[in-house]
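J.: So TrEMBL says this about it:
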type	residues	note
TRANSMEM	B:28-50	transmembrane segment
TRANSMEM	B:62-81	transmembrane segment
TRANSMEM	B:107-130	transmembrane segment
TRANSMEM	B:137-158	transmembrane segment
TRANSMEM	B:178-202	transmembrane segment
TRANSMEM	B:223-241	transmembrane segment
TRANSMEM	B:247-265	transmembrane segment
TRANSMEM	B:294-315	transmembrane segment
TRANSMEM	B:335-360	transmembrane segment
């Protein structure tokens, strides 16, 4: 098969760090080539070199595309050649329509006057290609993340793409949308479009990729062919060691029910006549890890946030019992006082002050613990910050590193630290391992085990079913704002959970 | 899994504290800029700038801007802006004149009522910003118009004065001298010396405390040099002021307020919460911080300080005019941004804002002495503001 792209001996140095060290990557025409590696392995840097974000001359090595050496100076150069990159963080303007976004900067226009008729028609064609049934005039803000992802791809298609680069395209998609997206990649492949797929989700990679290149610490480790691909093999190659078990062992030591929610009903925060959570009853025991499975949009985050001091929703009704006593969780402050912590799924938007350093982030929930009469004790705060940095194994130059400059996994550990220092009895963890690498995931699981062994309880929301099965003692299944299943983890399986969801979907429709 | 690395990291913790200094480099740079600007004008005005009488004037002329800058810093750190402070200070000055001159109310209750009124105005604006999420730019733009109009109405378009002599002392008085040594205010000098002694004491104590806990501070030489330089500057300026009429009352008020706000922002939980809110309001809210109330309180605080500034300004002119405080908001906001605050919120230091205000003040003063026309003064001040912010952004991108 013909080679469309060859990157030879790419070395990229930042002040103090060698981000890429003699990396080689070749992509064949019409193949789906997966690029995997831990966070910080250099995947995104490599793609930035390829797309011209880091212009020619700022790195060493050669790029051959369609047999010719390329010197891309910016993204425009690489796009002209048909190399389109779709970033992890979507780059759509929320208050513009689908059509406006697709042709942003590339509008079909005569003398600066946009021909909206042409734009809409072409948008319709593109949307049909990616299988998105939406009106071209719909505003982006009214679309879910999955559909936004498809709009990004439609936008790429509008530019005559030959090589499509997708950086973690399914990180925020549910299983259904992810599958649809992967099917789309396969379809593109049939049309001769090559793709580079960066992903943490190894099962997806295994499904669609023709070959896999593994990066570790800025170097190419190996390129595997389809028949060599196995999850264990990839994981071993990624982390550079045998990961005997992806989930640390734990001896469950489960006590009485400490947290109970009864008849919980929540309405939509804008459309208050819409019921988002419809009569949920659940409980968590001391020392227990309870999972909530479900598809994206099942209402899991909404449920958790509404319990946590009505941080979400309107017209909330129902009761919360803590250790058998009725508890007032009507404000976030009261929820925290009642020993509840909510660790958000979106650490950048809801979890951290990204412009401040680790120390200030770590103590913000429990400033009372490092102050007397409202006056902060600097020494106490230093001690606490260092202690939690050590406990959660945050990799940073010091506690004075800005959280905005940390990798996803380390940011997650800072968010965990700030809630651990508040010393809650129940931690609600919302997608605690989203977008972080295999090694950091293991560390988060270890922290969870440590917590429950200290007699705390954990309620964990996750879209990764193997993770729920590997970490939890008991799993609830949620669908469309209702609990549609409950099972001990020992009896649960991915099939059982999916079956519960599908059965409920069937009833609902 | 990575227990070894955790342990080695642990050892490093004790050394890495020095990086906390990094954030201070900007403040050092700002002080250096102020000193350079002062030396420049000292040179170009043939030594007029540092004359005791001019230095005293410099303090008196800028006190109200600095006092408002303290409140504005909190508002801007919280992620908002207050455009109404000039109008509010003018309105309160007018209110004070009407109460003391027309209605003959004693100056103490009148002053207190004025401060309460300032707080109430801040509360009224803060209410809409905090609880109804109306952009502060719009709310305070409305307030700017409303209180300018009310000031005109209150004074009937005329100047009202003079104020009772005791009230004038707020602005034009000096601390009493118990020694009565001709030509030199010994009490003022003593106050300066005591102040420097206290400063060095706290600074040494803080360092000792850090060392006791095993954290390395800045290098010893830097520590000594920093303290000596600051002490030298304070003593030098006190000496100059003492050789005129002594320390102005308003300087004492201002200094106490500056110390209070430094303490609140650096050492108190409420200050920390304001920074956290400005940095990421959603995250702060989910951390249990009552963001609405905190925003509301920053505006109340701003209102009280604007009122105090209005009183000081009125006392200084010894008359309340409908135009008092016109354009003050721009000087105040400029001072805060020159001082390194971020328009996005979450970043900014009290001392930065104070030095920023002094930079603006020294430039006003120096250019006036040089005889630079008011039109070019505006141009130059505008360019300095822009340059300061560009410098900041450039530095941030480089880092």
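Count begins at 1; order follows the chain as displayed.
Cβ from N, Cα, C; glycine included.
Curation does not apply to TrEMBL; its annotations are automatic.
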J.: By a Cβ-Cβ criterion of under 8 Å, what residues six or more beyond either terminus of the transmembrane segment (B:28-50) are in contact with it?
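T.: For the transmembrane segment (B:28-50), the nonlocal Cβ contacts are 240, 338-340, 352, 355-356, 358-359, 362-363, 365-367, 369-370.
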J.: Count, for each of B:62-81, B:107-130, B:137-158, B:178-202, B:247-265, the Cβ pairs lying under 8 Å from the transmembrane segment (B:294-315), and report the range with the highest count.
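T.: Of the candidates B:62-81, B:107-130, B:137-158, B:178-202, B:247-265, B:107-130 scores highest.
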J.: Counting only residues 6 or more past its boundaries, what in the same chain has a CB within less than 8 Å of a CB in the transmembrane segment (B:137-158)?
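T.: Hits for the transmembrane segment (B:137-158): 81-84, 86-88, 90-91, 93-95, 97-98, 121, 124-125, 128-129, 320-322, 324-326, 329.
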J.: How about long-range neighbours of the transmembrane segment (B:335-360): same chain, 6 or more residues beyond its ends, C-beta under 8 Å?
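T.: Hits for the transmembrane segment (B:335-360): 26-27, 30-31, 33-34, 37, 62, 65-66, 69-70, 72-73, 76-80, 258, 261-262, 265-266, 275-280, 381, 384-385, 388-389, 392.
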J.: Sequence-remote contacts (6 or more beyond its ends) of the transmembrane segment (B:107-130), Cβ cut-off under 8 Å?
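T.: Those are 80, 82, 84, 88, 91-92, 95-96, 99-100, 136, 139-140, 143, 147, 163-164, 166-167, 170, 291-308, 310-311, in sequence order.
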J.: What else in the chain is close to the transmembrane segment (B:62-81), if you only count residues 6 or more beyond its ends and a Cβ gap under 8 Å?
T.: 89, 129, 136-137, 140, 171, 248, 250-251, 253-254, 257-258, 261, 265, 274-275, 277-278, 281, 294-295, 298-299, 301-306, 308-310, 312-313, 316, 328, 331-333, 335-337, 339, 341-350, 352-354, 356-358, 360-361
